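Student: Here it is: the structure, laid out below.
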Amino acid sequence: MNFLSAFVTFENLHEVRRLCHWGPVIALSVIAICSTMAILDSVIWYWPLDTTGGSINFLMLINWTVLILYNYFNAMFVGPGYIPLGWKPETLQDAQYLQYCRVCQGYKAPRSHHCRKCNRCVMKMDHHCPWINNCCGHLNHAYFTSFLLLAPLGCSHAAIIFIMTMYTQLYERISFGWSTVKIDMSAVRQFQPFMPFSVPAFAATLFALGLALGTTIAVGMLFFIQMKVILRNKTSIESWIEEKAKDRIQHYQTGEEFIFPYDLGSRWQNFKQVFTWSGTPKGDGIEWLVHLKCHQHTLTIEQLKQKADKRVRSVQYRAIEDYNGACCPLSKGLQTFFRTPCTEEPRIPLSKGDTILATRGTKWWMYGDKVLSEEQMRGIKRVRGWFPRRCVEKCHYDTAASDKKD
């Protein structure tokens, strides 16, 4: 209902532009191809008006398509929910436990993170998904996960239809030596509509079968990944924060005990925080139910500790080659070209002499913040991203991490 209201009244007309992106174009094309071919092939294989089984098969196929599109568009247009611009905690004293977002000119509420693609702080952000061209977060997490469940189920049903259609159309025309493999198709052959199964139809069905099987495997894996974090009442980002918390405690031998604050101790209780009968998840996106030994800012305090530790561990580098910010720079060597990070995180252009504080990296690429002068920082947002390792060299004096301004 929320989706229909937002869509019919067009309260957020600019949201429709999310369809104009390669992710939704590919996703909707796969859905359209698989659904259309499955409907056509089901008519050829199991005529829906002739038997009860054919009718049920056809109605289930339509049902999958409707449910998949319903949850897909809800995930896209309902959105994750955003922290209001300029947001501040009710108690100003709590601001010391929160990170400040210079882009949104406000504090980041617990569990929220700033998305570079959406250019907003997102409530309970899990990740930015290119297939819906939107973030997966507080308000649309259930819709997104439902889509990840329904898409493999629908594609599995479609794959069965494709296989049976090709079998019934070919097993009498071509001998494959399957003399012992016979399927009694008399029940579904009482009426055969006039729809010739030509070579192009066979090729289209085979192509749709490949899409259906690929979608079932790929999206099915994503569903299990999402359910794993949902049953612990986490997000993908929070799982990474928890892992870094354990690493920080082990590295410094602080003896702390980090308890993830949002795990309520029961998988069923965690499940109900996301999935509800009304479709609206529990919570307002600002305050959350927490573990008895934790409080609202347990995780945000840990994030601040990790941010401080990140500054300490950062290493200062100086650019020795110019880099134009290309995703796959062939001029920087074949290894750099082929080993480019598979992520939507930005690349930062470098000029010879630039200073960068690197925080992580691979053998061929590094990630870090470009050190800006005070004058540059007034008009430019924080500049961080990936750059080729061969373009920089490590400075052999004390790092300037302590001088870094966020």
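Just so you know, the numbers here start at 1 and follow the chain as drawn.
Note that Cβ sites are derived from N, Cα and C of the backbone, with glycine treated the same way.
Pulled the feature table from TrEMBL, pasting it below:
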DOMAIN    98-241  domain 'Palmitoyltransferase DHHC'
DOMAIN    317-395  domain 'SH3'
TRANSMEM  25-47  transmembrane segment
TRANSMEM  53-73  transmembrane segment
TRANSMEM  147-167  transmembrane segment
TRANSMEM  201-225  transmembrane segment
Student: With DSSP as the reference, give the number of residues of the domain 'SH3' (317-395) in helix, strand and coil.
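Tutor: Final tally across the stretch: 17 helix, 27 strand, 35 coil.
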Student: Over the domain 'Palmitoyltransferase DHHC' (98-241), what does the predicted model average in pLDDT?
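Tutor: The average pLDDT of the model in the domain 'Palmitoyltransferase DHHC' (98-241) works out to 87.
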Student: What is the three-state DSSP composition of the domain 'Palmitoyltransferase DHHC' (98-241), stated as helix, strand and coil residue counts?
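Tutor: DSSP classes over the domain 'Palmitoyltransferase DHHC' (98-241) add up to 71 helix, 16 strand, 57 coil.
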Student: Could you pull out which residues elsewhere in the chain have a CB under 8 Å from any CB of the transmembrane segment (53-73), counting only those six or more residues past its ends?
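Tutor: Distal contacts: 3, 7, 27-28, 31, 35, 38-39, 42-43, 46-47, 132, 143-144, 146-147, 150-151, 153-154, 157-158, 161, 187-188.
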